[in-house]
Amino acid sequence: MTPILFVDRDGTLIVEPADYQIDAYEKLRLVDHVIPAMLKLRDAGYQFVIVSNQDGLGSESYPRASFDGPNNLMLQIFASQGIEFREVLIDCSWPADNAPTRKPGIGLMVPYLQDRTIDWARSAMVGDRITDIQFAQNLNIRGFQLRTDEFGGEWDWSGIAHELADAPRRALVQRNTKETRIRVELDLDRVAEPKTATGLPFFDHMLEQIGKHGGFALEIRAEGDLHIDEHHTIEDTGLALGQALREALGDKRGIGRYGFDPESSPWRVAGDTPQHGFTLPMDETIASAALDFSGRPYFVFEGEFKRERVGDMPTELVPHFFRSICDASGLNLHLTVRGENDHHKVEACFKALARALRQAIRREGTALPTTKGTL
């Protein structure tokens, strides 16, 4: 899915003159900070589409030839800096015409509304007038009004680029069924003490390990049919957590993607490769988790538990919980544990997963970590 940044032209990309017509080369001047901001957004995966009202373009008062020269030069300047526009959409009507193709109308947007490859949740509109914001509202996307002396507004280009490209990776998932009501809220870019309440104290303690050792803010609230047994509550919590991870990561641009032993791990065999996953000891127990946010859910578990349950958590539901996370998040997880104490073994599994997640979700740049073009 590709996000689109729709941009106005006059007053947004280039400074608008007093007569509102850029019909001569000497009138052409770029808006401050527009190029570095758009380069940042390009690197974050955005494509750009110009949507502009040009009153009476092609009439005697505004000949097409007077428009084309400065406009082509503007496009060449942007292209020379690595900024290409997917399309330039111009409405040439007068305001009195009330044409559906004139902003804030969205008549020019029909092909885009039919394009299922567009990430509308991340798409946005930037302009200097209230009609640009109304255009964004009609498209049901976010609108940014650039700050100008004439039309007001609150944003500059640097702030817009930061808001869109560096947006916090958050998710709020509410999963309601006849058996459970699960609420998961997380913020992958904020550290906070985890908060969990599922009605199963030992399970709460394990969920806290994911947020604490994963290095992100995590809140989980669950109400389930515990009068029947624990299965639905634990399973649906895993599904909701997996969905929240998937939503917060978005297109996964810039993340580490993989979680495994770092080169500096004291638990790796000398000269070994990180194929055994993130290895974590807990007294006599050792667990390892290797994971990949590939978009292809797959779960492999190697380990045994001697006890039927630890606290109020059935041990048979430990691997089932991790499988549920994988199914909902598109995660490939290999989890291995060995030891004597089942409490230690369960807790080590959760901590190993958390530390592997910490690596995989870490931002390392802006590139998409795949050669396929999508994850």
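Yeah, the Cβs are placed from backbone N, Cα and C, and that goes for glycine too.
Take the Mg(2+) site that Swiss-Prot assigns to D8, D10: the candidate from D119, D128, D149 listed for it is D128. Secondary structure from DSSP puts D128 (Mg(2+) binding site) in coil. Here D128 (Mg(2+) binding site) is positioned 8 angstrom away from D8 (active site, nucleophile), judged by their C-alpha atoms. When the recorded positions D8, D10, D128 are compared by the number of other C-beta atoms lying within 10 angstroms of their own C-beta, D10 comes out lowest.
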